[in-house]
Structure formats: structure tokens, C-alpha cells
Amino acid sequence: MISWLPSVAMGSRLLCCVALCLLGAGPADSGLTQTPRHLVKARGQQVTLSCFPISGHLSLYWYQQAVGQGPQLLIQYYNREERGKGNFPERFSAQQFPDSHSELNMTSLELTDSALYLCASSPNEDSEYGETLYFGEGSRLTVVEDLKKVSPPKVTVFEPSEAEISRTLKATLVCLATGFYPDHVELSWWVNGKEVRDGVSTDPEPYKEQSGANVSSYCLSSRLRVSATFWHNPRNHFRCQVQFHGLGKDDQWDYPEAKPVTQNVSADTWGRADCGFTSASYQQGVLSATILYEILLGKATLYAILVSVLALMAKVKRKDS
């Protein structure tokens, strides 16, 4: 929740205040929703963003925040009527409908349109005493020259080092996602089928694999730290999942390669027993023990049947005699 004066006339003071507030805090869980959250488009295409304000709120705002810059007001509505505009290109259009939701349309997209688009709402019209704005999570748009550059990540999980385990009695698994573009990814760790957050440390944001304007692929790393005892249990399953936000199913794709759609890419590993067993050897041992048990059980059953048959034959002979 952020409090500031949203009046268009406030100029640089508004920009400074919003930039400090937004860059210093994450989106508020306010009940305002935006769709879609991620978009990847080619230059010249068009997109539509939707915003659903909090019920009863009369003021609605659209902002554009480019990388490394503060948010810029695009357009403001009060009670579904336009009340002001900022730097609003002619290629852009917006509307607020009778049900209060709003759409921001962008046509003939340019590379410079790549930004985070934020929608906010407030219960009242702005005043000189300030007004509290409630923001959504934003819609992130990346415009590329060539959709062929879009690529999902390759994910690898590296097991803990024995040196660390011996020294600290802790085990750190490392997940590395490489070769993806754009940098629209969300990384999570899963242990035994459940997402975990304790002990997880992930890079603040993806970074370019190599410096230079011609390099476009990104990488991201994350670490999961558990106790040595937990790691040495071969039944524990560790999985690193990277959700890549790529093209939509309806986006045109004219290349022979697989279409880089939004997808989950994962890598996993199993815990390793302290006595040197791997997960595979542990499972093989369990399987062998199960088979041996079934063989012994089968032999016991056959022996019981044989004894029963012999006893029955002896009983029949006694009757005959």
C-alpha cells in the first residue's frame, strides 16, 4: 500500500515519490488484479492489458515503468471518465468499462515499449492532501526484434560437496538455469513433492551470461541448504523448477524449432546415503530385498502344501489298513 499525491500537475515531485515507493517495496496484495502478468511480443505486434480494480474504487491509473527508471503516469480515470494523461503515445489507447475494469491497448509495438505496466486504484479522487493507491502485481512486457531469440532455460542441479558436509554438517544443492531469453522466469525448490522456501537463496534477478549488446541469453542460480542428515536420506527427492514465461499458444510461430511457449523446466536429484549408496543403488537394494522376501515366502508356502499333502496321504493309508 502506497500513499502519495497522484495529481498529474505534481510533475517531478510525483515521479520522485512514486519511484522511491515502488522501487523500495513489492506490489501490495490489495485485491486489485492485472492480466496477463507476462508478455513476449515481436516488434509491430499489439497487446491488450486488463486491470480489475478493488470494488468500490472510483479512481484508476495506468503507469509505465521502464528498466532503471521510475514509473511514468500514462492515463488517469475517475468514475470511468478520463481525468488526465502523462506521456501517452498515439499508438496507445485505454478505456474503463461500466463494470469498472479497464483495458490498456498498445499497437505497433516498439522495442522501447518493453516495461512493467502497473495499474492502481483508489477509493476517491486525488486531492491536495494525498490519496492512497493500491497497486497490482503489474504486467511485464518484453518486445523483441525477432521471436526466434526467445528460448526456454536449461536447468541443472548440482549436488552438495562432501567438504562442506564434513565441515558444517550442512548440504547445499545448487540449481543453475542457463540460456533463456527473455528474463521472464520464476524459480522454486520442491522437496518430496512440496514447495519449500526455508533455506532457499536465489539471485535477486537473472543476469546476462556474457557482457555485450549482442548477447541476449540470461542465467539464474539458486541454492537450497538442508542438514547433512536430511541430504543423506536416499528417500528424499529434490527438484528445482523454473517457470519460463514465453510465447502464448495463440502466438504465430514460423520456425522449424519447437515453439518456446510458457513452460516449466525442471531438474532433480535424490539424497545420497552416508555409507556410499546412491539413490539408484538404494532402490535396487530395496527391490532385491522385496524379491528375496517373496521367494522365501513362496518356498514356505510350497513347503506347507507339501507337508499337508504328505499328512493327507498318511491319513488315507491308515484308513485303508
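Every residue gets a Cβ built from N, Cα and C, even glycine.
Residues or ranges marked as N-linked glycosylation site by Swiss-Prot on the basis of sequence analysis: Asn105, Asn214, Asn264. The region 'D segment' feature in Swiss-Prot is assigned to 123-128. If you look up Swiss-Prot, you'll see 129-144 marked as region 'J segment'. Among the features that Swiss-Prot reports, signal peptide is placed at 1-28.
Taking Cβ-Cβ distances under 8 Å and a sequence gap of 6 or more within the same chain, the neighbours of Asn264 (N-linked glycosylation site) are Gln241, Val242, Gln243, Phe244. The helix, strand and coil residue counts that DSSP assigns across the region 'J segment' (129-144) are 0 helix, 11 strand, 5 coil.
Per-residue pLDDT, averaged across the region 'J segment' (129-144), gives 88. For Asn105 (N-linked glycosylation site), other Cβ atoms within 10 Å of its Cβ number 13.
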